[in-house]
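Going by TrEMBL, these are the annotated features:
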BINDING   Lys124, Gln187, Gly219, Asp250, Lys393  UTP binding site
BINDING   His220  substrate binding site
Amino acid sequence: FIEDFSKAMSQAGSSQFQEVIRQELEYSMKVELDKILATAHSNEIEHTKKDLEGFKKLFHRFLQEKGPSVDWGKIQRPPEDSIQPYEKIKARGLPDNIASVLNKLVVVKLNGGLGTSMGCKGPKSLIGVRNENTFLDLTVQQIEHLNKSYNTDVPLVLMNSFNTDDDTKKILQKYSHSRVKIYTFNQSRYPRINKETLLPIAKDVSYSGENTECWYPPGHGDIYASFYNSGLLDNLIAEGKEYIFVSNIDNLGATVDLYILNHLMNPPNGKRCEFVMEVTNKTRADVKGGTLTQYENKLRLVEIAQVPKAHVDEFKSVSKFKIFNTNNLWIALSAIKRLQEKNAIDMEIIVNPKTLDGGLNVIQLETAVGAAIKSFENSLGINVPRSRFLPVKTTSDLLLVMSNLYSLNAGSLTMSEKREFPTVPLVKLGSSFTKVQDYLRRFESIPDMLELDHLTVSGDVTFGKNVSLKGTVIIIANHGDRIDIPAGALLENKIVSGNLRILDH
C-alpha cells in the first residue's frame, strides 16, 4: 500500500510539475506575442490580433495534448451506411430544377500553396498545366461553363495565404469579364516557434525580407475561422448560399458534381448532411492518405501522423483501410457559422517540424480541414471514382495530365476513351526533372502514353518529338552519361541504360 501511495504521490507531483511548466510556457508565449503585436501599424492591428489569438488557442491545445491523439483500440470500421458508393448517389438522377440547386452552391479552392516543390516561385495555382492553362484558369473555365450551361451564379472563393495573396490578386484581373464572381480571403498568419524554447522566432509583425521564414499559414483547417472572420461567410449566407464545395486547387479531378450536390440538397431520408467527405479506394500510391474510421460513434478522419508507431504498417495496409480522403469536401455554411460561434470545431493538431535555411529547427502547428468532420451533424463519406482525385504534386503528375491520357473540355480533364483500362500509369521521373523548367526542357513534345503501364526515368535523359511509350519502360542514364530518346521512337517494354547520344547528321 505504501509503495502504491508514494507512486501515486510522485505521479501527482509530476503532473502538477507539468502543469506549472505548461503555465510558464503559455505566459512566456503571451509576452512574446504581445511584443510582436506592439510592432503592428494601426491598419494591421485588427487582423494581426485575430491571427495571434487563433495561434494562442492552438498553442494552448498543443501544450495540453501529448503524443498521437488516437487510441488505436477505439478505431472501428465505419458502419456500412456511413460511406455511400457514388453509383448509388448517381442512380437517383437529377431533378428538373438543378439550376435552383446550383444557385445554393459556392466553390472554394484552397490556394495557399507555393510551387516550390516543383521549382517555381509564386502561387502553385499559376503553374501552366495544360495548353498554357494554369490550375486557376481551368477552375474558372469549369465554373464559367456551369454558369453558362444552367444560367446560374456559382461564385468562386479562393482561400489565399500571405504567400499567394498579392500574386493571385494581380492575376484575377484577367477574369474580370468571365461569368464567375471571384472572392478571396486570407488564411491566418501564425508564427513559427523554436523547437527548443517553444517561443516565436519572429520579433515583429513584418513578413518580408529576412522575416519571411518566421511565419507560416497554419494548414487548410484554418478555413473555418478565416472564412468566418473575413465576413465573407455571412455575406454568402445572406445571398442564400447553403453549401460550399472545398478542394485543393491542384486536384484537377475536383469538379462540381451535380449528383452529390443534389444528394445534399434533397436527401433521400429528408435529413440533410452538414459535411460530406469524398473518399476513394486506396492504391499502393496512397498508403499514407488519411482514412475515415468510426471512433466514439462518430465518423473521424485519422491521418498517419496521429497513428501510434506500432500501428503504422497496419494503417498503411490496403486490406484493412481501403479508402482515403481526397480532400474534396461539401460543407453546410450554416453549420460552419454555428460551430464557429460556439468555438466547437475540434481538429487534431498536426506538428510539422521544419529546418530553416540557417539550420534552425522550428515547428509549425497546423490543422487539416477534413479533421473537423466529427464536429458536424449527420456526416457522410461518399466513395467516388478515382477520376475525382487527380492531384498534381510533382512533375511526374504533370506529365500525366499534359499527356494524351486526358482530354480537356471546358476546363475539365477526362480520361481518354482510347485508354483501354481506367487506371493511370505509374510514372517516376528522377531528380533531373523535379523543376518545371528542367522538365519542360527535357521533352520536345509530351510522349504518347495511351498504352503505358509504368515509366521510370533517371539521370540526364531527353525525349525527342512524337515518342511513344507502351507497357513498362525504364530509362536510366548513369552518372556522367546522357540518353537522348530520338524523335518518333517507340519504346515498348524496354529497359534503356548506358549512354545514347543522337547526333545530328
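Cβ from N, Cα, C; glycine included.
Curation plays no part in TrEMBL annotations; they are all automatic predictions.
Sequence features, as recorded in TrEMBL, placed on the structure.
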residue : record           : contacts (Cβ under 8 Å, 6+ apart)
Lys124  : UTP binding site : Gly113, Leu114, Gly115, Met118, Phe135, Thr164, Ile249, Asp250
Gln187  : UTP binding site : Gly112, Met159, Asn160, Ser161, Phe162, Pro217, Pro218, His220, Asp222, Ile223, Ser226
Gly219  : UTP binding site : Ile350, Asn352, Glu366, Thr367, Ala368, Val369
Lys393  : UTP binding site : Ser117, Asp250
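Cβ contacts within 10 Å of His220 (substrate binding site), excluding its own Cβ and spanning all protein chains shown: 24.
Residues Lys124, Gln187, Gly219, Asp250, Lys393 are the ones the record ties to UTP, and the longest Cα gap between any two of them is 21 Å.
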